[in-house]
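> Sharing a structure below in structure tokens format, with a few things to ask.
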Amino acid sequence: MIHGKMKRLKRYFTRALHRIQKGPGYTYKELLVWFCDNTNTHGPKRIIKEGPKKRVMWFILTLVFAGLVFWQWGVLILTYLSYGVSVSLSIGFKTMEFPAVTLCNANPFKYSRVKPLLKELDELVATALDRIQFSSQNQGNTFTHNNQTRQNVTLDPALWNHIPLVVIDETDPRNPIIHNIFDNNAVYSKNSSIRNSSEDQTSYSQRYKVAMKLCTNNNTQCVYRNFTSGVQALREWYLLQLSSIFSNVPLSGRIDMGFKAEDLILTCLFGGQPCSYRNFTHIYDADYGNCYIFNWGQEGENTMSSANPGADFGLKLVLDIEQGEYLPFLQTTAAARLILHQQRSFPFVKDLGIYAMPGTETSISVLVDQLEHMEAPYSSCTVNGSDIPVQNLYAEFNSSYSIQSCLRSCYQEEMVKTCKCAHYQYPLPNGSEYCTNMKHPDWVPCYYSLRDSVAIRENCISLCQQPCNDTHYKMVISMADWPSAGAEDWIFHVLSYEKDSSHNITVNRNGIVRLNIYFQEFNYRSISESEATNVVWLLSNLGGQFGFWMGGSVLCIIEFGEIIIDCMWITILKFLAWSRNRRQRRKRPQYSDPPPTVSELVEAHTNSGFQHDDGDHVPVDIPGTPPPNYDSLRVNTAEPVSSDEEN
């Protein structure tokens, strides 16, 4: 039975092979005529059935409309391949998770804790300020000593030699004069005043610039980084020195130097229920020191939700920033720094945070923007950052992916690769160490070179992609004085007692901050993307264009495909036949007669005159042989012939 099936299958494939080898059996012209006569498209039928003039007209119309169809098809296909999206927006109110709230003091360390560590640096900055006097009464004697304060101060070269602070005198632009502020041998006198009383501030700022001298390769290559303000230059220089100093301090030591949660957070209330600093999670920020997160939602923590709008159903806090503990040369702003962010995401307070001013009540109403992007190929977003070729240095905090964490991690990788050390403000990669002036004397010029590099910035931006699902918090902020003049005495007494159980007033208007954070009447706005085009849209529009211009359908396309296949089939068979004939012509011998023998060749060479010309030879007809005429071959006996003798 199996053998019979195999034989039938073999015969079927043999017949199919013969049909393929034979081809459709038509010429190109016959196929085209058949197509025009049998297709469901209207135009081609007119080409073969109308008169000569109408044939030309219908032929032109058919070509024009066919061109329009193919053009529209191209536009539709390109639109589909562009993977466009449509955006939908919905606004409303519902019970939602309350955002995570990160609180920091704008000043990272208590001055009483770090004063011994920064004593020499602060004296250095104070001396530099005396040598750069910005006093309107003194008319800007920039290089004059203050004879009553630090005229005889000698600066320690070990602290400042790595990054000298200078003033550039550009009175003569072709020959600028550079004055080193920290040069102990320089002459500073009132006679060397760089600004006269008749000069205005604009002329002064254009002629004299405070700059940092950045040198590499053992001070053989130096550049000057200019600043428009001496205050800005000193603060930038102070931050660099501070980074180098605290890079040698372990994390536990830096945490002890900062503000404790019980000192920063005085009162807490959420949804009308009391809370305390114990409901906050500690995190260390390189810029603001100890920070505390409410409702972060890490593993094992329950997230809090809010079901009603208004301040009574939100978070209420009273903070004490202890402005008396501020570092004099580090932070020029007195405030609390806060940021609202998504649960389990790292708070980038410096980049995205806002300030809350002391002596005020700051109310923040929140609107949640939920963004949903389409994945590839509709966008280049990433789901969880696993496909990003940048190591997430913030993964140690068990936080989700964000574009800020990616950009900072990318910059830190470039810093380690180029400068051979890591920057103090970013997490430390494995196998690297933070930059210090003693171990890495060239790190500051390298750091500025990377920070100012457009190529590095664009490279990191191209590597880091936005998350497909993200949440942003739109805030409306209002402020009022708090407490009022009539209530401040008893409020400060109560807060001071609750803070340290003392009847002495330790809390005052310069350090107190009150915060109200709550949802608006409409607390969420969902912005989601969906595909603007799909396969159904593409097929529908392709068919619509074809039906409108040509009056055809999918069957017409199949018929056209059939005629194309038949034409290709005929072409292939013709090519194979041509190739076969060409091979046979190559195999055919050049001479039709058999080659001559050796004796014939010798005779033709010795007596060529006897050789006859085959072309002149006329063949002799061979006479035909008549058929035999025997009586024995006859079937019937022949009649006797009478002779004359008998007659």
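Each residue, glycine too, has its Cβ placed from N, Cα and C.
Remember, it's a predicted structure, so these values are computed and weren't measured experimentally.
Reproduced below are the annotations present in Swiss-Prot:
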type     : residues      : note
TOPO_DOM : 1-57          : topological domain 'Cytoplasmic'
TRANSMEM : 58-78         : transmembrane segment
TOPO_DOM : 79-552        : topological domain 'Extracellular'
DISULFID : Cys104-Cys291 : disulfide bond
DISULFID : Cys215-Cys222 : disulfide bond
DISULFID : Cys268-Cys275 : disulfide bond
DISULFID : Cys381-Cys468 : disulfide bond
DISULFID : Cys406-Cys464 : disulfide bond
DISULFID : Cys410-Cys460 : disulfide bond
DISULFID : Cys419-Cys446 : disulfide bond
DISULFID : Cys421-Cys435 : disulfide bond
TRANSMEM : 553-573       : transmembrane segment
TOPO_DOM : 574-647       : topological domain 'Cytoplasmic'
REGION   : 586-647       : region 'Disordered'
> Pop the Cα-Cα gap between Cys435 (disulfide bond) and Cys419 (disulfide bond) into the table, whole Å please.
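Cys435 (disulfide bond) has its Cα 9 Å from the Cα of Cys419 (disulfide bond).
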> Under DSSP, is Cys460 (disulfide bond) helix, strand or coil?
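DSSP assigns Cys460 (disulfide bond) to helix.
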> Calculate the distance in Å between the alpha carbons (Cα) of Cys104 (disulfide bond) and Cys410 (disulfide bond), and round it to a whole number.
25
> When the Cα-Cα distance from Cys421 (disulfide bond) is computed for each of the disulfide-bonded residues Cys222, Cys410, Cys446, Cys464, which gives the smallest value?
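Sorting the disulfide-bonded residues by distance from Cys421 (disulfide bond), the top entry is Cys446.
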> How many Å separate the Cα atoms of Cys435 (disulfide bond) and Cys406 (disulfide bond)?
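That comes out at 21 Å between the alpha carbons.
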> Pop the mean pLDDT for the topological domain 'Cytoplasmic' (1-57) in here, whole number is fine.
71
> If we check Cα distances from Cys381 (disulfide bond), which of the disulfide-bonded residues Cys275, Cys406, Cys446, Cys464 wins as closest?
Cys464
> Give me the Cα-Cα distance between Cys468 (disulfide bond) and Cys406 (disulfide bond), rounded to a whole Å.
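So the Cα of Cys406 (disulfide bond) lies 14 Å away from that of Cys468 (disulfide bond).
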> Measuring Cα to Cα, tell me the gap between Cys275 (disulfide bond) and Cys222 (disulfide bond) in whole angstrom.
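Here the two Cα atoms lie 56 Å apart.
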> Highest CB neighbour count within 10 A among the disulfide-bonded residues Cys268, Cys291, Cys421, Cys460, Cys468?
Cys291
> Using all protein chains shown, find which of the disulfide-bonded residues Cys222, Cys410 scores highest when you count other CB atoms within 10 A of its CB.
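The residue with the most neighbouring Cβ atoms within 10 Å is Cys410.
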> Calculate the distance in Å between the alpha carbons (Cα) of Cys446 (disulfide bond) and Cys215 (disulfide bond), and round it to a whole number.
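One finds 10 Å between the Cα atoms of these residues.
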> For Cys460 (disulfide bond) and Cys291 (disulfide bond), what Cα-Cα distance in Å is obtained after rounding to a whole number?
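Cys460 (disulfide bond) to Cys291 (disulfide bond), Cα-Cα distance: 27 Å.
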> To the nearest Å, how far is the Cα of Cys291 (disulfide bond) from the Cα of Cys410 (disulfide bond)?
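Counting only the Cα atoms, the answer is 24 Å.
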> Cβ distance under 8 Å to Cys215 (disulfide bond), same chain, sequence separation 6 or more: which residues?
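For Cys215 (disulfide bond), the qualifying residues are Gln221, Cys222, Val223, Asp442, Pro445.
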